[in-house]
Amino acid sequence: MYETKLRTHTCGELNGKNDGLNVILAGWVKKKRDHGEIVFIDLRDRYGVTQVIIEEGRGDLKEQVKNVRGEFVVRVFGIVRKRPSNMVNKDIKTGEIEVVANKIEILNESEVPPFEIKDELSVQEELRLKYRYLDLRRDTLKETIIARHKTIQSMRTFLSEKGFLEIETPVLTRNTPEGARDYLVPSRNHIGKFYSMAQSPQLYKQLLMVAGFDRYYQFARCFRDEDMRSDRQPEFTQIDIEMSFVDEEDVFKITEGLMKKVFHDVISYDLETPFLRLTYKEAMEKYGSDKPDLRFGCQINDITDMVKNCGFGVFENSDFTFAYNTKQLLSRKQIDEYNDIAKKYGLPGLFYLKYTDEELKGSIVKYLSEDVKHKLIEKLDIKNGDTLFLASGKWKRTLEALGACRRKTGNDFYIKDNEIKYKFLWVTEFPLFEWNEDEEKWEPCHHIFTMPRDEDIEYIESDPGRVHGKLYDLVCNGVEISSGSIRAFKKEIQERIMNVIGLSNEEAEKRFGFLIEGFKYGAPPHGGIAPGLDRLIMIMLNRDNIRDVIAFPKSLKASGIMEDSPSEVDEKRLTELGLKLIKKKGS
């Protein structure tokens, strides 16, 4: 396959058709089995495993490999021999053959690894990250990295065929706060000034549209100094896409085509397109989340009007009351777990009803008339053995609490054995602004570079809470894969949006002057999207955390355990940069 001076074939390509062929293989010893007269070596490289046999009478070779153990690097000269049909190993690609060794070279020795190189591993992740280069030899992780490569190649092919140009933008840029904290890089040539590591290419890609490059993409490295989670890394990759003279439908069409091709090319799975669409309001009111998992039902229902005058004070005095049916008979202990979730979202708790022996039961059932009970049974499709949860309060808080409970229901009962592997949808029409009660000011719901919906432009200043943006999120299996928007491409609209969140024209000029300046010279209507490559692969390959799809990830503490980063810096280097460390109190 890939012949070099040191090998003629890889360990994953030989088969019965190569019977009798002289070959040279090179790789790592996966396993050595000494049966006395005969010795077997499983030789492994990136491409697969080949069984090597040292036959009876080859005492010289046996002596040579006597001290060989797992992970030694060896080169094998030998002849391919087809195995008898009853000896074929169907678990490996080369299972039809073995290589009879006539010469073996030890290219390098190996110490005993800190853990066994196998897929079923029960060692702590910290140890795996410390020896990541060994961890990457395991088939599961190796195949993930190969799938990542295939994903990138598939995307490049698709976007190139659609007329997109791959253009790099700067990683070292100026500080333009985009939500998360920036990683700052001090400048040696400009003492006292700092670059920021780009959180995204947002402003540059918009200026590429101004420049006339109407179809752009890049695999952008992005850096955000934010709290870590299982689906976050301080540095990550996004497929950054921007187009001119488009509306939302154009972005949807390109993105759906891209996803369809990638899933087909990488895992041979055919996605159904077009994807379902829900507005932000619909997603929240049906699923309690702006990134709902649609692989199972358990929809939330608005029962405010139904129970408003039932005589129960909580329902009567609350703005909203919502409910959902778990379609499961839950124990008291399980119900308490749901209550704990609701409390984390600021609710005093949940109310619950069970339907057994053809009747509703629960502490609040006495407040419900027969008519209300009948309507509840019908609206929530209640059957014998069902448990439903009810919650009252403010619109967003109540829905988010029930949404979190619904996710628990899905994880506990529906997702594991679900036939639906992937459920994509678009969530659209997000509010452009949201009110920060603590700071008593408006903030962007996503980011400030978004065009308001045409019918809402007049309300930007007078009623910001009413304004919805040309915003859209791509969601799969309850995970946000991507955010995008049609951009605010007119200088005056961009400035009005900035004013609402408290940025004066002077402050906006200071932070984003180069973008606003560009808008003076004929910015076209434009929009785009930026799917997260790492998250996409994590979902596509059904991995539990994002670190499993990155070759050299950071730990949950944002540290590089293998290379021991971040590290201290010599005082001389700090002086060159005009910096001096100040100890924090208590450190």
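Just so you know, glycine gets a Cβ as well, placed from its N, Cα and C.
Unlike curated records, TrEMBL annotations are generated automatically.
Looking at 202-205, 298-301, 342-345, 574-577, the stretch flagged in TrEMBL as region 'Aspartate' turns out to be 202-205. Glu480 is the residue from Glu166, Glu168, Glu480 that TrEMBL records in the ATP site together with Arg224, Asp225, Glu226, Gln233, Gly532, Leu533, Asp534, Arg535.
Nearest by CA distance to His446 (L-aspartate binding site), out of the recorded positions His35, Glu226, Glu480, Arg535, is Glu480. In the three-state DSSP scheme, Glu480 (ATP binding site) falls into the strand class. Counting Cβ atoms from all protein chains shown, Arg224 (L-aspartate binding site) has 20 others lying within 10 Å of its own Cβ. Looking only at Cα atoms, His35 (site 'Important for tRNA non-discrimination') sits nearest to Leu533 among the binding-site residues Glu226, Glu480, Leu533. Comparing Cβ neighbour counts within 10 Å across the binding-site residues His446, Arg535, the minimum falls on His446. Residue counts for the region 'Aspartate' (202-205) by DSSP state, with H, G and I taken as helix and E and B as strand, are 4 helix, 0 strand, 0 coil. For the pair Glu480 (ATP binding site) and Arg224 (L-aspartate binding site), the Cα-Cα distance reads 17 Å.
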